[in-house]
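> Here Swiss-Prot flags Ser109, Ile110, Leu111, Pro112 as (6S)-5,6,7,8-tetrahydrofolate binding site.
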Amino acid sequence: MRILYLGTPEIAVAPLELLHASGHEIVGVVTQPDRPAGRKNVLTAPPVKLAAERLGIPVFQPETLKDPAAVARLRAFEPEVGVVAAYGEILRKQVLAIPALGYLNIHPSILPLYRGPAPVTGAILAGDDLVGVSIIKLTAKMDAGPILGQMVMPLANDARAGEWTAQLMRQGGELLAQVLPAYAAGQIQAQIQDDSQASYTQMISKNDGLINWNLPALVIERMTRAYDPWPGTAVKLNDQPFKILRAKAHTSWSGTIQPGTLFEQQGQILVATGSGALELLEVQPAGKRPMAANDWRRGAKDIEQL
């Protein structure tokens with residue numbers, strides 16, 4: 001079966017490698033153009049491009065798939081089916097119509113929950129106990145296509161969005177490798193999503209990780225995991241970002257201390273919040289490397305408020 005693979009970031013590398021290793025014929029890889037990256041704005045290739053080149057798969061990097069010339073190039077690959085894994089552009093109907101079997105998408109959530117660009121972040125913020133990955137057939141409506149395969153697993157209490165997104169995408173690649181042959185043979189009974197049960201996530205912005213100490217400690221602790229690695233969770237300290245990398249919520253703590261006030265208790269570095277206290281475990285002051293909160297506090301005894 002001739003597969004056209006569309007993906008861009010590091011999390012889309014594992015599914016590509018798994019499909020290749022399982023013997024599927026990948027006729028081409030479509031990925032975003034090389035972009036400037038880092039402080040020096042060095043032109044950098046997407047991780048999926050580098051992986052495809054290692055595997056000897058032809059690579060196509062259009063600026064946009066809205067361009068008729070790009071659509072013609074996709075047709076020239078003569079794919080029977082397409083696979084999409086974090087490509088970075090919504091596919092229009094003329095692109096969706098190219099492969100006879102359409103496009104399959106790996107989405108790291110238990111659809112119809114958490115449609116959109118940040119499903120694992122959404123699950124962590126909500127305090128969910130379960131997470132999963134779904135294989136769907138793409139339709140014009142975002143993440144709303146019929147489900148061809150789904151895997152559900154417990155979400156660890158210390159789950160961090162970046163790590164778990166990568167893990168779920170890898171497991172999605174394994175699931176996809178199993179689904180594809182059965183799908184091509186017409187042996188899968190697709191499950192239509194119940195739109196009335198759908199929930200949605202939004203694109204994450206840099207300001208989403210800014211802490212409001214009036215929020216409950218449990219909410220802030222979830223933020224430190226949901227916004228890892230980007231944008232991170234931080235406060236402004238002397239007009240500079242002070243990142244809280246790891247923390248623990250003490251929901252049973254109660255006091256009359258103003259939210260945002262630093263205090264110590266039994267060797268723990270704590271911050272009062274709107275409900276409970278947040279124990280700081282690992283922090284990163286501006287311009288410095290990550291460090292244990294206790295080490296930071298020894299050199300910052302004069303700071304009383306975050």
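Every residue, even glycine, has its Cβ placed from backbone N, Cα and C.
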> Same chain, not part of Ser109, Ile110, Leu111, Pro112: whose C-beta falls within 8 angstroms of the C-beta centre of the (6S)-5,6,7,8-tetrahydrofolate site? Give them in sequence order.
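Going along the sequence, the neighbours come out as His107, Leu113, Tyr114, Arg115, Pro119, Gly132, Ser134, Asp143, Gln150, Gln193, Ala198.
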> Counting every protein chain present, what is the number of Cβ atoms, excluding its own, within 10 Å of the Cβ of Pro112 ((6S)-5,6,7,8-tetrahydrofolate binding site)?
20
> What's the most sparsely packed of the binding-site residues Ile110, Leu111, counting other C-beta atoms within 10 A?
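Across Ile110, Leu111, these binding-site residues, the one with fewest Cβ atoms within 10 Å is Ile110.
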> Taking DSSP three-state, what's Ser109 ((6S)-5,6,7,8-tetrahydrofolate binding site) in: helix, strand or coil?
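Assignment for Ser109 ((6S)-5,6,7,8-tetrahydrofolate binding site) reads coil.
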